[in-house]
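Asks: Below is one structure. I have some questions about it.
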Amino acid sequence: MIAISGVTKTFQRRGGGTHLAIDSIDLQVAEGEFVSILGPSGCGKSTLLYIVGGFVPPSRGSITVSGRPVTGPGPDRGPVFQEFALFPWKTVLGNVAYGLREAGMRKREAERQAEALIARVGLKGYESFYPKELSGGMKQRVAIARTLAYNPAILLMDEPFGALDAHTRVRLQNELLELWERDRKTVLFVTHAVDEAVFLSDRVVVMSRQPGRIKAIVDIDLPRPRHRDELLLQSRYQHLVIELERMIEDPPEEIRP
Amino acid sequence: MTALARNEALIGAIPILGLLLGWQAAVSAGVAPSALLPSPVAVFGRVAQNLGDPDFLGHTAVTLYRLFVGFLIALAIGVPLGLAGATNRIAGAALKPLVRVLAPVPKIALYPALILSLGFDDASKIVLVTADALFPILLATFQGAAMVEPKLVWSARAAGTSPAGTLLKVILPATLPSILTGSRIALVVACIVVFLAEMITSTDGLGYLLVRAARNFQTVDMFVPLIAISAIGLLLNGALALTRKKLLVGFPEED
């Protein structure tokens, strides 16, 4: 479904010189697979996601999605950002209906479908609210609904729950899993939280920092559907969390500035 | 909330009242003969009288016409140029030096040249208002558009909006707060410059009324156009604040 081959990204640094953000990334993601990219901050994991989204061009290497090379953004890949990135001038309904209207759907039909999606993410009754009137968790629900609206085959999630409090975070993780169990979209999920990656994913790609390289790919062989309360008691889950935590711990030589 | 807003308005009225009292005190203390420095009571009395005077209202309308047309042209030029400059590298590279060269030029200094080429009538004054109102709008639009969160644009692009489409559907609405801030400054500047232009050369308008009164030593009438343009500025600012509230309903509040 997604084939990333030899993707490298260097940024021009201010005052000359270049910064190698990610180096020679090779990764295949199968259709319907939930893959997390796990790594410390500054490892380039978000950059990789932006490249797959077509928002940022790679310096070298290529990406194909369903065999077609990625040259820019498209409605087959729907992003969800940590910062929500909702349109502040649009209501919840306007935000969620946006992609449907862009696809040429008539206003009434777009709004009807948007209303159904808003209900699906648990925000029925908030259609006429503006994003600024919502809590962080509600904003992210709207952002997810806005992306689901145009029915992308792939979800690109960039630390989507990173700005939320612990309680909201867990709730949204559960809701995301429920949504995913229903339509099994391909998900590329960037996070720095080990438990989140293990709970959600089929595979976890561990990245190292400076430059960002793939350090290991770990299969998460936990049965689905997963329930957090049962999972936390399973030794297999605990082992995976501990194994991954050890992996992302920086060895001393990588800590120096 | 509303009580607090009312209190703030009351507190804001105190310095203005103080200014008027100071004016009255200066007149009462005989700083200048009342024939030369009229009292605020006399001036505001004349303002009230003039509100029913078709001649005065006609001059006010002329000034307002020049102000609005000049401002709207500035808006029609400044917003597209600012958006283009911020979103297109070539347009930005072409625009920035030009703006840096022209922005600090005192536009009123162009007025003699404008009179010579466009005549005494509305055209020269409207062009002058446009020239002065343009830069606050252009600069605010440019800066606002350059600071639009890229992820807003990405979200729209992923939803199927074309790169050109994001200009109208994302960048313009996201820049609206900056455009309105620039407009607010531009309106004040427009009030000043239309008045100045009418003072320099005109046969009508509020600025002309002031000069005419001064030449005839009609000191009370000399202050009336000043009060009028100040009131116009106040009303326009209020109207813009209302527009802002209506247009920016979803944006975070700012004072």
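Cβ atoms are placed via backbone N, Cα and C, with glycine included.
According to TrEMBL, the protein has these features:
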DOMAIN    B:60-244  domain 'ABC transmembrane type-1'
TRANSMEM  B:64-86  transmembrane segment
TRANSMEM  B:98-120  transmembrane segment
TRANSMEM  B:126-148  transmembrane segment
TRANSMEM  B:185-210  transmembrane segment
TRANSMEM  B:222-242  transmembrane segment
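Mind running through what each feature is packed against?
Replies: Nonlocal intrachain contacts for the transmembrane segment (B:64-86), taken as residues 6+ away from its ends with a CB within less than 8 angstroms of a stretch CB, comprise 92, 95-96, 99, 122, 125-130, 132-135, 137-146, 167, 171-172, 175, 179, 182-183, 186-187, 190-191, 194, 197-198, 205, 232.
Below 8 angstroms of C-beta separation, residues 85, 127-128, 131-132, 135, 138-139, 142, 193, 196-197, 200-203 of the same chain, each at least six residues beyond the ends of the transmembrane segment (B:98-120), sit close to that stretch.
Distant neighbours of the transmembrane segment (B:126-148): 66-67, 69-71, 73-75, 77-79, 81-83, 85-87, 95, 99, 102-103, 107-108, 110-111, 114, 118, 170-171, 174-175, 177-179, 181-183, 185-187, 189-190, 192-194, 197; these residues of the same chain sit at least 6 beyond its ends, with a Cβ under 8 Å from one of its Cβ atoms.
Distant neighbours of the transmembrane segment (B:185-210): 56, 58-60, 62-63, 66-67, 70-71, 74-75, 78, 107-108, 111, 115, 120, 124-125, 128-129, 132-134, 136-137, 140, 221-222, 224-226, 228-229, 232-233, 236-237, 240; these residues of the same chain sit at least 6 beyond its ends, with a Cβ under 8 Å from one of its Cβ atoms.
Only residues 6 or more beyond the boundaries of the transmembrane segment (B:222-242), in the same chain, are considered here, and those with a CB under 8 A from a CB of the stretch are 38, 43-44, 46-47, 50, 56, 59-60, 63-64, 67, 180, 183-184, 187-188, 191, 195, 206-207, 209-210, 213-214.
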